[in-house]
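K.L.:
Below are the features listed in Swiss-Prot for this protein:
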type: BINDING; residues: C73, C77, C80; note: [4Fe-4S] cluster 1 binding site
type: DOMAIN; residues: 82-300; note: domain 'Radical SAM core'
type: BINDING; residues: C98, C102, C105; note: [4Fe-4S] cluster 2 binding site
Amino acid sequence: MEKKTLSLCPICLKRIPATILEEDGKIIIKKTCPEHGEFKDIYWGDAELYKKFDKYEFIGKIEVTNTKVKNGCPYDCGLCPNHKSTTILANIDVTNRCNLNCPICFANANKSGKVYEPSFEDIKRMMENLRKEIPPTPAIQFAGGEPTVRSDLPELIKLARDMGFLHVQLATNGIKLKNINYLKKLKEAGLSTIYLQFDGISEKPYLVARGKNLLPIKQKVIENCKKVGFDSVVLVPTLVRGVNDNEVGGIIRYAAENVDVVRGINFQPVSFTGRVDEKTLLEGRITIPDFIKLVEEQTDGEITEEDFYPVPSVAPISVLVEKLTNDRKPTLSSHQHCGTSTYVFVDEDGKLIPITRFIDVEGFLEIVKEKIEEIGKSKMHDVKVLGEIALKLPSLIDLDKAPKSVNIKKIIDLILSVLKSDYSALAELHYHMLMISCMHFMDAYNFDVKRVMRCCIHYATPDDRIIPFCTYNTLHRQEVEEKFSIPLEEWKRMHKIGGEDDREDY
């Protein structure tokens, strides 16, 4: 197996040809920069799983672009006509200020000496740009820096809701959420989900990555969410070899113990920046198959490789909903090697039961594809299509293996409601399960233009661009932040901030 693509030189960031090939049971990316020499990285830690995920490839399409093709991908973001996926989740960095000073971070205002903080009106315009997409961007995440250091965050959340975003998410370290009244204020403003930085269940990951033990704060946030009835938290561990890769199972168990408020976990393997020697890179790289193996080992086989699917495996469901409603829908058309997930139910005794153990997922996806073809050929009425699916669904469920706590009829009803384009049913369906996922964002070493073109997680910027996640962080972030930043000392004078090290304010 050998594929040709384009990548980046990790040193000069120039676009260079690359080859993706199988080597010793793994998928490797190799490339040569005329100036800086050869580079080799692990693209995918298991060749067989790579091939299995390949069959779920789904090419999307976009109708609205903001930039023209001039220099070619990944320099023309965006979105440019080369892109293949509309925005599913948009990030807006509302500030680069932070109330932490993490050893591994070099991008916050304290380290850079500059403050990037778009105004309320800037952010409103960025959100308007996102809603102009076809279909309009459904979900938005306020990020940073640490977004909770902005005093107008509740107003931004309310504005997003008023503008029609179905899902408003907050990426946070959780420090300010230990204040229960502040949490209540965010909930009242319309916050949907807390995307909580959560590096592990022991002190070590926090001491290494954050410089202090933040675990008690994370636990306090979960406790506060229970008190105020905020029941949508996603734990977000940055996965680092030798730091917290031994805590994957423990994090999953912790989420299961708090499944009344924790909706899921999204593991993110660490990215590499700067000059990294090949030995360090190959030994430290965690790919999606590596993550899956860690899950299987550390859950004692309760969750296995067979339970995980690539993100675009569900894209045909969106296509069917589009055909039934005659309306464009957001489609998870990311590259098949960008992310993976599974859903598990937590039984009464705490046992983890993946949905694949009692529902024939492949069978359901086949039915969906069949109905898409039938609608295309015969213009079947939506009621008839849904009726036929409803008749077939029970045969895909093994009641003997289903968790006792699960109301199967309710699950079937919710699935049918989702096919009718009922977003509230989709949200309720998630409340019955725990999502376990992994998104492997790229860096300059494993960068693949073909993956970037299919990205559906984007950044909105003050210059009316919408930029894929991995190109923003690898290429465009510095340019955008420099263009729209002011010196830290000037910002402090403008806001009458004093003191040398006021972590609560910057």
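Backbone N, Cα and C atoms are what each Cβ position is placed from, and that goes for glycine too.
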K.L.:
Please give the average pLDDT for the domain 'Radical SAM core' (82-300) in this predicted model.
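P.N.:
So the average pLDDT across the domain 'Radical SAM core' (82-300) works out to 95.
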K.L.:
Could you tally the C-beta atoms, other than its own, that fall within 10 angstroms of the C-beta of C80 ([4Fe-4S] cluster 1 binding site)?
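P.N.:
Result for C80 ([4Fe-4S] cluster 1 binding site): 24 neighbouring Cβ atoms inside 10 Å.
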K.L.:
In three-state terms from DSSP, label C102 ([4Fe-4S] cluster 2 binding site) for me.
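P.N.:
Looking at the DSSP assignment, C102 ([4Fe-4S] cluster 2 binding site) belongs to neither helix nor strand, so coil.
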K.L.:
Return the residues near C102 ([4Fe-4S] cluster 2 binding site) by Cβ distance under 8 Å, restricted to its own chain and a separation of at least 6 in sequence.
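P.N.:
Listed in sequence order: N108, A209, R210, G211.
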K.L.:
Tell me the Cα distance separating C73 ([4Fe-4S] cluster 1 binding site) from C105 ([4Fe-4S] cluster 2 binding site), rounded to the nearest angstrom.
P.N.:
27
K.L.:
Round to a whole number and give the Cα-to-Cα distance in Å for the pair C73 ([4Fe-4S] cluster 1 binding site) and C98 ([4Fe-4S] cluster 2 binding site).
P.N.:
32
K.L.:
Can you tell which of C73, C77, C105 has the most other C-beta atoms within 10 Å, given these are the binding-site residues?
P.N.:
C77
